[in-house]
Amino acid sequence: MDVLDRAARGERLEREELVELYRRPLAEVAAVAHALRLERAHPDHVTYLIDRNINYSNVCTVGCGYCAFYRTRRQPDAYTLSYEEVGRKVAELEAVGGKRILMQGGVNPDLPLEWYEGLLRYLKERHPDVRIDAFSPEEILGLERLTGMPAREVLSRLKAAGLDGVPGAGAEILVDRIRHAAAPARIPTADWVRIVEEVLALGMYSLASMVIGMGEGPEERVEHLLVLRELQDRALAQYGNGFSGFALWTMQLENTRLAGRLPGATAHEYLQTLAVARIALDNIAGHQASWPTMGFKVAQTALYYGANDFGSTMLEENVVSAASGNVRRSATVREIVRQIVEAGFRPAERNVFYEIVAEPDVDALLASPVG
């Protein structure tokens, strides 16, 4: 049976079959991906999340060549936010109806584990209804090395202090030959998988992520997807808990040391990989379209290439936007709802588990002059 026919029947495709999808006409792969999206997620709805990104510090010792956000501790524009400054940002989110923050920084050797615990307690005491997803696997690895504690103990202490989940950031392409050519000190694949598995074992949430444009080819992209799929299989079987969704971005290189040295990725490659991911990741239902890196129009198109979600408002984005002036830092609910409606779907607000929590009054929202 042809590989596309097998995919359309919902059969699990293996490595060579997934690589073969990259050789097929994109329209044919997209048609299968969209059909699977309609089966695996809310068929009429496209969801979105009201949240805020908070970058508590830009000090980092990893020094990735594709990152324009980080600073060394001695640079004049290095910063670490106070608890009060972070708290004000959370209050601003609550004022617009948001109940989730995505909080990340760098690997900052000046911040002990107790600082992170204190921040979490400070926020939970003042904003008990806000979900805190924070500290990437790279940051957890940094705390592991700083404290000498295993990741399980670090994460257990952070969870006790108020941590709800850990972002799936830092995955990029989970093939060490590719990731270490661009960032030699970046967290190795095995450590990323190990730490995320500890997160899931403790009953917390994480997001499966992928960044293309690092010089990888179809084989490496498929390898990355298989690492995610196998981890999800294992986590669901052993812990009853896994990735809540999948997000794909393209590498933004404009303002980085690697501008002109890494190829980046085109809109065609983005849509192609998004469609392949929908077929490959049969155990993850929620797939995001990336309006920050691709723009609204490509994100709308992505809703017919396997995506069923329009991402989040973010309110503030600093890391990706530092690497490229073409990246939007935030979007209003009205803007997101308009894009979803224009693409032919019904918008619905969701939580981090891709469960619909509300449907907006579209007519009133789009008629409003602001918001």
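Each residue, glycine too, has its Cβ placed from N, Cα and C.
TrEMBL does not curate its annotations; it predicts them automatically.
Some features that TrEMBL has for this protein:
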DOMAIN    46-293  domain 'Radical SAM core'
BINDING   Cys60, Cys64, Cys67  [4Fe-4S] cluster binding site
BINDING   Ser136, Ser290, Ser312  (3R)-3-methyl-D-ornithine binding site
BINDING   Glu172  S-adenosyl-L-methionine binding site
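Shown here: features listed in TrEMBL, placed on the structure.
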{"residue": "Cys60", "record": "[4Fe-4S] cluster binding site", "DSSP class": "coil"}
{"residue": "Cys67", "record": "[4Fe-4S] cluster binding site", "DSSP class": "coil"}
{"residue": "Ser136", "record": "(3R)-3-methyl-D-ornithine binding site", "DSSP class": "coil"}
{"residue": "Glu172", "record": "S-adenosyl-L-methionine binding site", "DSSP class": "coil"}
{"residue": "Ser290", "record": "(3R)-3-methyl-D-ornithine binding site", "DSSP class": "coil"}
{"residue": "Ser312", "record": "(3R)-3-methyl-D-ornithine binding site", "DSSP class": "strand"}
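Ranking the binding-site residues Ser136, Glu172, Ser290, Ser312 by the distance of their Cα atoms from the Cα of Cys67 ([4Fe-4S] cluster binding site) places Glu172 first. With a 10 A radius on its CB, Ser290 ((3R)-3-methyl-D-ornithine binding site) counts 22 other CB atoms from all the protein chains. Cα to Cα, Ser290 ((3R)-3-methyl-D-ornithine binding site) and Glu172 (S-adenosyl-L-methionine binding site) are separated by 14 Å.
The CA atom of Ser312 ((3R)-3-methyl-D-ornithine binding site) is located 26 Å away from the CA atom of Cys64 ([4Fe-4S] cluster binding site).
Annotation for Cys60 ([4Fe-4S] cluster binding site): same-chain Cβ neighbours under 8 Å, separated by at least 6 residues, are Cys67, Tyr70, Arg71, Gly105, Gly106, Val107, Asn108. Across the structure, Ser136 ((3R)-3-methyl-D-ornithine binding site) and the residue listed as 'S-adenosyl-L-methionine binding site' place their CA atoms 12 angstrom apart. Here the CA atom of Glu172 (S-adenosyl-L-methionine binding site) lies 12 Å from the CA atom of Cys64 ([4Fe-4S] cluster binding site). Looking at the domain 'Radical SAM core' (46-293) alone, the prediction's average pLDDT is 94.
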